[in-house]
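**Student:** Dropping a structure here in structure tokens format, bear with me for questions.
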Amino acid sequence: MEYNLKDKYILQLNEKEKALETRDLNIFYGEKQALFDGNLQFERYKITSLIGASGSGKSTFLRSLNRMNEGVADVKGSILYRGIDINSPKINVYEMRKYIGMVFQRPNPFSKSIYENITFALKENGIKDKEKLAEIVETSLKQAALWDEVKDDLNKSALALSGGQQQRLCIARAIAMKPDILLLDEPASALDPISTAKIEETLLELKEKYTLIIVTHNMQQASRISDYTAFFHLGNVIEYNKTKNIFTNPKIKLTEDYISGNFG
């Protein structure tokens, strides 16, 4: 079946609800265009899932939200955070990433102790007081639901942790910088079901303090944890709505076919 990629439904939010917004976002890898006119608004203190087949543009889109594609892709359009376009050449990228953090698909702890994994960036940003560092380590590990498992082994190598623990450590490391927004690129795809459930539980708790945007291939996961869902296809955002509506009453036929498994 052929679909009209201009047939779209994109939910619009109230101005006060927005934590982040993209306007006419187009992304190119050389001459190949990977994203077409991406216009999305993300609500504060909610989880938004980005779904779609491999190569649909969702990870490319996610990485653009804190300029992780810089030097690899040509990004055109606006990404507005607190009313400021973070694509502006005047923006200090490293400073901006304190506010818009990233957790990658595979756990990537530093080959340092658990404690040093969290304090390394803090020290680089001028926090030297030992009591303050210890406080942030404890708070971050508690928010990532890891403190009780590692509190007596903070000097242990992070590489000795299980995969699920390593991923929660990476989440703790990211939130130690006190970001407003946390981007997660398939954070549970490399984990077993028990570790995945723990990550999902952690994310649901984190949205009380952070805005979360997550790429997932797992539609059941998207339906379980997200408030909003955006469906990507061939570099286009086809539908963006509240998750319940996406999964029970999609407005676009292409979305319906993808969700129901009748795609293609």
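Each position is counted from 1, following the chain as shown.
Here the Cβ of each residue, glycine as well, is placed from N, Cα and C on the backbone.
Annotated ATP binding site per Swiss-Prot: Gly52, Ala53, Ser54, Gly55, Ser56, Gly57, Lys58, Ser59, in sequence order. The annotation domain 'ABC transporter' is assigned in Swiss-Prot to 20-259 on the grounds of sequence analysis.
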**Student:** At 10 angstroms around each C-beta, which of the binding-site residues Ser54, Ser56 has the fewest other C-beta atoms nearby?
**Tutor:** Ser54
**Student:** List the other residues in this chain whose Cβ sits within 8 Å of the Cβ centroid of the ATP site residues Gly52, Ala53, Ser54, Gly55, Ser56, Gly57, Lys58, Ser59, in sequence order.
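**Tutor:** Residues close to the ATP site, other than Gly52, Ala53, Ser54, Gly55, Ser56, Gly57, Lys58, Ser59: Thr60, Phe232, His233.
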**Student:** What is the total of other Cβ atoms whose distance to the Cβ of Gly52 (ATP binding site) is within 10 Å?
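**Tutor:** Gly52 (ATP binding site): 24 neighbouring Cβ atoms within 10 Å.
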**Student:** Quick one, of the binding-site residues Lys58, Ser59, which Cβ has the fewest other Cβ within 10 Å?
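**Tutor:** The binding-site residues Lys58, Ser59 were compared, and Ser59 has the fewest Cβ atoms within 10 Å.
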**Student:** So what pLDDT does the domain 'ABC transporter' (20-259) average out to?
**Tutor:** 95
**Student:** Sorted by position, what residues of the same chain at least six away from Gly57 (ATP binding site) have a C-beta under 8 A from it?
**Tutor:** Ile27, Ala34, Leu35, Gly38, Phe232, Leu234, Gly235, Asn236
**Student:** What is the total of other Cβ atoms whose distance to the Cβ of Ala53 (ATP binding site) is within 10 Å?
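**Tutor:** There are 15 such Cβ atoms around Ala53 (ATP binding site).
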**Student:** With every protein chain in view, what's the tally of Cβ atoms within 10 Å of the Cβ of Gly55 (ATP binding site), excluding that atom itself?
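**Tutor:** Neighbour count, Cβ to Cβ under the 10 Å cut-off: 13.
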